[in-house]
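Worksheet: one structure, shown below.
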């Protein structure tokens, strides 16, 4: 509220009075307001109270079975059980004919209108069985459709919007990769810059101020980038990163794309848990929504590799939904008592899940083929505390890390369970071999990390004490037990990052910011050991040629930025960026070349070397020429600025002499200066001697 000008400040200048006087909000004379209330206050008018007629909480359920009086009680039981999940049902009416048979629809009244809306959203188009699919509508919808005008008016033709090419980023003749860099410029305001990793210096493609509130995320194939905002999320794409689609879901904290980029899942909080919405990316429409209990494993959806199925884990069950209808597979969940975790194969419609020990029944790892729900492999496990499922990227192997115990200690109420004498097993499933054989490796030390080679048959583990751990590399071959091929001892690392193309690996300590680059085909020699103090992330580019380490402001506030290295660990670029948040390489879609064509190119790769080397020389020559021209331009600009300032300095000579007693201090020699020494008392101290 503006403060009135007081008498004590009557002598203030005009600038101060501008701030103290109350502003005038009156419209100027002859002002015409051409903005409607709907345009100006649309969000508020949508919430204004309206006259109610008492039927807002009533829904109409159509396409129900028509049953005789003897079967009516059973139908009521089924319907009540299904619809009571949406809220408290106050009254239900089943209209009947003269013989007492139901007419195939019912009126259902909920306690509140919001519960009725929730029932329509969740149960409309719900399949009761193969013959009956519910049509659920609000009773007020009938009144709305009664007011449809009799004269039909054709819809207004919308102008065609030319959409940018979403795949232009893979048309670059030199196949340079792209990346984005995010930095926070103000609270809830993040600037995002998009770059192309050209040589010798990266090329800036686009920079967006206030592009997102928190962070960004690429889609799996690199087609879209998603941004987070208070009303929801938006996806962007094309050559200039224009908005493609927006999805209204207030407070969205996390999103997940389906592998083929057909669907988007948004996770947002609610007062009682979490709301999860699955969207169609191309249309922007909502396919289905769920209510979860928070960011727990029971809330997370997992997609099959081909987008045909999406699954989530429930209490003693797995719910698998088919796309695009998002109905349950075979209209029912898969009952699996004691299930603790599951994961899809990255290349096949196979689900791996594990079940905990129950009543002297051993734990079990199972592979199930979808959609037939046929179990193709089982493995029983004893004394199991926990399991982790690790698929190799190519889908050739599945490793189950089993945390086992020697002794189990429970308190009297069996609420607190302690596992003693822990040791670990790796169960390796050979997915491409007949009957899926399983190999087992036992490790008696603490396992700190596990990582598969994405393309290849090796995996690596960190085991032992954290400050002096060992890194072991195992090789998996057909018909032979996995063998230890190399052990690097006394390594201070916490994470393992394989190159997307295999062969090279970075052993990282994300606590201390130390890194070691290893070539697994060259006797596991450490090619470089750079440091990046406080680094909290490591990102390989899609081709496996470059590695980026970053210090994010989410972790620290000083010395934030990122470093770029070659795959051998040679530093290429150091960038210090205030409030740096994220560095993300843009993913690439899989190649369209057949395996035969790829093998042919690899076989004849040497004949392409001269062409590549010539292009590199021309590029460096061009870059050197551009660099020399840039330096010459900078020197010319500097000399022009210098000459201008010298001319100003000479023009001010008479003024300087006048201010300095008509002494030309510009040409004053050292021997013309009179030096005078002045002494004065600073302080006086008196010390008494005994």
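We count from 1, first residue shown onward.
Cβ atoms are placed via backbone N, Cα and C, with glycine included.
Swiss-Prot lists coiled coil at one of the ranges 579-612, 613-646, namely 613-646. Between the listed ranges 1-33, 34-66, Swiss-Prot ties the annotation region 'Disordered' to 1-33. Cβ atoms under 8 Å from those of the repeat 'WD 3' (334-369) belong to residues 297, 302-306, 308-309, 311, 313, 316-320, 375-384, 386-389, 391-395, 398, 400, 427, 429, 431, 436 of the same chain, restricted to positions at least 6 beyond its ends. With DSSP states grouped into helix (H, G, I), strand (E, B) and coil, the domain 'RRM' (57-141) comes out at 32 helix, 23 strand, 30 coil.
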